[in-house]
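Enquirer: Just passing along the structure, written as C-alpha cells.
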Amino acid sequence: MAPVETSSPEQHEDAGKAAAAATRSYWRWHKDDFFPEPSFASWGAYRRALGATPARLRDRFAGRSTDAAELGALRRRSENEMRRCLTWWDLTWFGFGSVIGAGIFVLTGQEARDHAGPAIVLSYVASGLSAMLSVFCYTEFAVEIPVAGGSFAYLRVELGDVAAFIAAANLILENIIGTAAGYNELDPIAVVVIAVTAALAMLSAKGTSRVNWVASAVHVLVIGFVIVAGFIHANPSNLRPFMPYGVPGVFRAAAIVYFAYGGFDNIATMADETKNPSRDIPLGLLGSMSVITAIYCVMALVLSMMQPYTAVDRSAAYSVAFSSVGMHWAQYVVALGALKGMTTVLLVGALGQARYTTHIARSHIIPPVFALVHPRTGTPVHATALIAVASACIALFSSLDVLSSLLSVSTLFIFMMMATALLVRRYYVRGVTTQAHARRFAALLLLVIASSAGIAAYWGTSPERWQGYVVLVPVWAAGTLGIQVLVPAARAPKVWGVPLVPWLPSLSIATNLFLMGSLGKDAFIRFGVCTAVMLVYYVLVGLHATYDVAHGACAGEEEDEFTAADDDKKVAAADVEKADAADGVR
C-alpha cells in the first residue's frame, strides 16, 4: 500500500493565507490595508514608535535594499503581476509622448523674450546635454534593476532609505506638477483631460500605447510643419544681437527650459511591463531623447529667425510669429500641436507616475493599498487614481510659470542624486569594498559634490567674475580623477554600462547643480517648503512603516533588506574579476 502524504500545520496555514489572498477583493479600504504595520496598531503603539524616532532614523539612514529585493520581495506586494506587453517601439513613442508637450511651445517664447534672446538655442543645447547625461545614468540602472520604481528603486539600493524617500517625495511632487502644468488657473478642462487619460491608463498599458502612437505621430507632423514653414520665412538678421542678456541669461533660460525635457524617466518605470527590458529600455530612452534634443534646438532656432526676440509673444510665441509673416491660419496648426502635446504628456504621465507610486507603496512609504495591481487589467488602478485626483486639484489652482521653475529644481535635484548613486554603485559594495577605500571614496565624492555646488553658487552670485572658477573647476577635476585612480571599482555593469566612469556621472552632478544654481531664489524657497512638509510626513508616518517592514515586523512580509546581500556580494566580486581580466589587470 502506497504511503499517504500528510501536510504539516505550517503548510495548511500557508495554503490558507494564499487562498484568502486569492479571494480578497481588489476594492478594499480597511484600516489594515492602509496601515498594516505594528507601529500603527493602536495609539499606544504609535506613541512608542514616535519615542523611538531617533534610533529608527539612524537605522533607516544606514539601511539599504538590494537588487534582488527590489525585483522580488517588493514586486510580490502588488499581489498581481503587470502584463509584459511593451516593446522598444512602444517605449520610443512613449519617450516622444512623455517629453514633447506644451513646454516647447510655451517656454521657448517666454525664455527667449525674458532671458536668452536668440541664444535660446544654446539654452536648449545646454539643458539637452545635461538631460542626456542623466539618460545614460538612468539606462544603466534600468538595465540592471528593471522594476516599476525607476529612480526611487535605484536610490533605495545605492543611497538608502532616507535618500530614497527624499527622491520619492520629489518624484510624487514632480509627477503631480508635471500632470497639472500647461493650464491656466481654475481650468476645469484640465480636470476633464486628466480624468480621461487616467481612465485609459487604468484599462490597459498596451491600449494606452496605441493611442499614444497616433497622437504622437500627429504631434511630430505638426512639429515638422513648424520647422519647414518657419525656415521658409526665416530672416537671419533676427539673430542679432545673439546674446542680449549675456551668458547668465542663457543658463537661466536653460534651467527653466529643462522643464521641457522632463518626463523621459517615465520610460524606466515601464520595466515591469516590458518584454525585454535589458534591450528595450536603453533603445527607448537613448533613441527618443537623442531625436527630441535635436528637435528642440531646431524649433528654438526657427522661432529666433522668424522674429526679433523683442517681438516674441511670451504666451503664444509660434502662433504670433506665423501671423507676423502672413500665415494667420498656421496658429490653428500650432494650437493643435500644443493640444496633442499636452494630451500625450498626460497620457504617458498617467502610466509612468502610477508605476512610480506603485513601487513607492510597495516599500510602505505610502499606504501599501496603492501598490495593488488589478487582477483583470494588470494595471495599478489605485495608484493611477491617487495621482489623477492630486493632479486635478493642482491643475485647478496653479499656472505654468509657477510650476515650471518648481518642477525644474525638483527634476534637477533627482537627476543629481541619480548620478551620485551611479558612482556609489560602481565604487562601493558592502562586503567587497574595504573600509579604507570606502572612506577614500566618500571623501572624494563629497569633494566632487561640494566643488560642483560651489561652482553653481559662485555663478549665481558673481556670474561675471572668473577667479573662483580657477580654483573650483580644478578641485572638481581632482576629485573625479581621484576616484578613478585611488578607488578600485567594486562592480562592473552586467549588460550595458555608462561610458567614461567616473567622468560622465561626475559631469552630470556638476551640470545639474549648475543649472539648479541658475534658477531664482523663489524656486528654491518653494522647493524647500515642499521638501520640509514631506519630511514631516516621513518622520510621522513613512519612517515607522518602512522600519517595521525592513525588520520583518509586518505579518506576511519578509525582510526586504540584506536578504540577498550575500548574493549581491558574490555577483559584484565576479563582475570585478571579469572586468579586471578584460583590462589585463589580473
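Glycine residues also receive a Cβ, built from the backbone N, Cα and C atoms like all the rest.
According to TrEMBL, the protein has these features:
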DOMAIN    496-545  domain 'Cationic amino acid transporter C-terminal'
TRANSMEM  85-107  transmembrane segment
TRANSMEM  162-183  transmembrane segment
TRANSMEM  189-205  transmembrane segment
TRANSMEM  212-233  transmembrane segment
TRANSMEM  245-264  transmembrane segment
TRANSMEM  285-309  transmembrane segment
TRANSMEM  329-352  transmembrane segment
TRANSMEM  381-400  transmembrane segment
TRANSMEM  406-429  transmembrane segment
TRANSMEM  441-460  transmembrane segment
TRANSMEM  499-517  transmembrane segment
TRANSMEM  523-541  transmembrane segment
Enquirer: Please list, for the domain 'Cationic amino acid transporter C-terminal' (496-545), how many residues fall into helix, strand and coil according to DSSP.
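Expert: Tallied per class, the domain 'Cationic amino acid transporter C-terminal' (496-545) gives 40 helix, 0 strand, 10 coil.
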Enquirer: Between the stretches 85-107, 189-205, 212-233, 406-429, which one has more Cβ pairs under 8 Å with the transmembrane segment (285-309) than any other?
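Expert: The stretch with the most contacts is 85-107.
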Enquirer: Other than its close neighbours in sequence, what residues sit by the transmembrane segment (212-233), given a CB gap under 8 Å and a spacing of at least six beyond its ends?
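Expert: For the transmembrane segment (212-233), the far contacts come to 93-94, 96-97, 100, 295, 298-299, 302-303, 305-306, 318, 321-322, 325, 327, 330, 333-334, 336-337, 340-341, 343-344, 347-348.
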Enquirer: Check the transmembrane segment (245-264) against the transmembrane segment (499-517) for contact, please; criterion is three or more CB pairs under 8 Å, pairs 6 or more apart in sequence.
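Expert: Contact criterion met.
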Enquirer: Looking at 406-429, 441-460, 499-517, which one has the highest count of Cβ pairs under 8 angstroms to the transmembrane segment (523-541)?
Expert: 406-429
Enquirer: Need one number: mean pLDDT over the domain 'Cationic amino acid transporter C-terminal' (496-545).
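Expert: Mean pLDDT across the domain 'Cationic amino acid transporter C-terminal' (496-545) comes out at 87.
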